[in-house]
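Peer 1: Annotations per TrEMBL:
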- 514: active site, proton donor (ACT_SITE)
- 514, 515, 516, 517, 518, 553, 663, 715: AMP binding site (BINDING)
- 518, 552, 553, 663: Zn(2+) 1 binding site (BINDING)
- 553: Zn(2+) 2 binding site (BINDING)
- 441-758: domain 'PDEase' (DOMAIN)
């Protein structure tokens, strides 16, 4: 043998360890891996320098990566403990992110800790098959595909220190292992070198399950504090990934239980997911957006407001916001389906800084994850600002990816449930409509074809202040005349137009204000504007606008949007914004689809789509919430001279302002008409307020009949804030419409005189039939009137009022002589009156 005989002392110590047992290659390798000093002695005493050089050359050529590995281990010998802790944390972050064999990972970590704590050696034990014994882990065997676990004995007292710690699951530091009677077998590994001190600790999962035993030993005890220092680091880092996984599993089970126990509360499910997402990656804020692929938008109505209640983040459900999928980090993730981890938001050009400018919140870093279902991005979860760190880590990304899979399942179920509930709401609304509404009879529409207007009306109808009230029986004929006079005799088939008009009348409920009379009044105002702006609007636009005005309050129930939403009315679930306006348009389309009612049947397919869009936009424009921004934009265009009626967007804004002017036209009539119309408006409002009081809720002042004395001041405020600016802008657009502004100013002056006490009789001495509420519904005993809420002798209570006036049972109604005063009417309150803002 070229290396010569081995040293007797070294050889004897080596062989003594295996006396009485069969010697195998595996046992030799295991022994040398645990006692590297023995190999050092053997090589120094028995191996020539030439052989060592040859080994080094072979080592360097076959395993070039080992050099960097040695450097990686050696850097943990730094005496600066803070630096070592930082390095150890980084190492664990990297290894946990890349995955791999957990046993090898633990072994590598133990090797690092051995180096950092300057221990002379270590041993890592795992549990046997039945969890009642220990097995020594040997990395060499695992790499070569051989068994990596060598049985080391049962878990019991009175044997080795590792078995003792496995039994107690408590960390143990022994200064003199050979002198401790509890461990007659010591470490169980006889290297021939006296082991003096041993630190043995259990490696436990987050729930306390034992997975391994680490045994560190030294020949001489030293720097005891260092052992405990790294003990803490090791246990916290090793269990980190396992704890997160356990926490995630528990959360998924919890969310599953929440979903199936309370499937109707989808918002609570999303809130639950968002709360955990924040905790999972330790983020300051969280947002969850769903994707509308049809409109290429992201939308959300649940927001993290940065507050906590009993230690839990508070999420607030607000008005739904939407933004283009082309904008911001969330939009990028929604488009590409890729995870984005932005360490510095302001340094990334994709970040939309407008959000921070609007909210006052500073975004430092972002982790944005797509939620994918069936290969399509259905949502985006966005974490903002890592707490306790400079940015989100790779571990955060990996944990978040697993979490996003469950988010996809939850959102998919949520969307399915939403579609089912949406269909159910449509069904309920449809059944409600069918139970109430019906189309006109042949007698009704044939009678309309034979009606003619008195000659005096033809001149008056061209004036803005024309009052239709005295001609109730002629209201359908007045509308038909206005359509033909504005659009031409051949614009509509007479039979279809008469059918449509009479069915529209039947679809207006007999509520005090939003009724058939109001519809014809609004249509007349639009007619008067169109007559004085000839040549500006196309035939399709004139047709669409007149029909939109007649139908703009179809099937109004006499309740505001906020009332419907507050009490979970099916309409509020069906239309989240501009609730009643969208319903009015839907009703219009429904009537057009009835047999014999499609007044646009002579149009081409393209023209039909255009006129429906004109009607839709016009009806939605009667939502006063949209008026303020629209008027402001128009005023700026007029001031700069940039208004272009050939521009579709500008034209839509002009039409929107016209619809608002027509909807509010009661303020431009003669004072006697304006005053009576105000009575009708508040018959509805106070009825709604009375209903709220019945269930213990306090209505807003406008709907509280007990606060009627504050009316005139509120009217002055409304005229100045809403009506006057509206008609001022309209008169600038179309100077011939200036009589509307003049009449509105005169009525404002009348309200101001009442406020100043100069003419109290103009308002305070009115008598008015009132009811406590719109429902229950009083009925005429001769001609049943559905949903009136008014006395039978009022102009809008019964179509045949001449037959039933005064003949209804007087005990059904109560006549109250009282001062009907409008409560304080601010701009927001009037918005609620005319359209109802979504709350």
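Glycine too: its Cβ is placed from the backbone N, Cα and C atoms.
Since the structure is predicted, the reported quantities are computational estimates derived from the model, not experimental observations.
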Peer 1: Could you say which of the recorded positions 514, 517, 518, 552 has its Cβ with the most other Cβ atoms inside 10 Å?
Peer 2: 552
Peer 1: In whole Å, how far is residue 715 (AMP binding site) from the residue listed as 'active site, proton donor' when you measure between their Cα atoms?
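Peer 2: Approximately 19 Å lies between the Cα of the residue listed as 'active site, proton donor' and that of residue 715 (AMP binding site).
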Peer 1: Over all pairs within 514, 515, 516, 517, 518, 553, 663, 715, the annotated AMP binders, what is the largest Cα to Cα distance, rounded to whole Å?
Peer 2: 25
Peer 1: Comparing the binding-site residues 553, 663, which residue's C-beta has the most other C-beta atoms within 10 angstroms in this structure?
Peer 2: 553
Peer 1: Tell me the Cβ neighbour count for residue 516 (AMP binding site), meaning other Cβ atoms within 10 Å of its Cβ, over all protein chains shown.
Peer 2: 23
Peer 1: Counting Cβ atoms within 10 Å across all protein chains shown, which of the binding-site residues 515, 715 comes out on top?
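Peer 2: Highest number of other Cβ atoms within 10 Å: 715.
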Peer 1: Tell me the Cα distance separating residue 552 (Zn(2+) 1 binding site) from residue 663 (AMP binding site), rounded to the nearest angstrom.
Peer 2: 9
Peer 1: So what pLDDT does the domain 'PDEase' (441-758) average out to?
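Peer 2: The average pLDDT of the model in the domain 'PDEase' (441-758) works out to 92.
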Peer 1: Take the C-alpha atoms of residue 515 (AMP binding site) and residue 552 (Zn(2+) 1 binding site) and report the distance between them in angstrom, rounded.
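Peer 2: Pair distance, Cα basis, whole Å: 10 Å.
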Peer 1: Measuring Cα to Cα, how far is residue 518 (AMP binding site) from residue 552 (Zn(2+) 1 binding site) in Å?
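Peer 2: Just about 10 Å between their Cα atoms.
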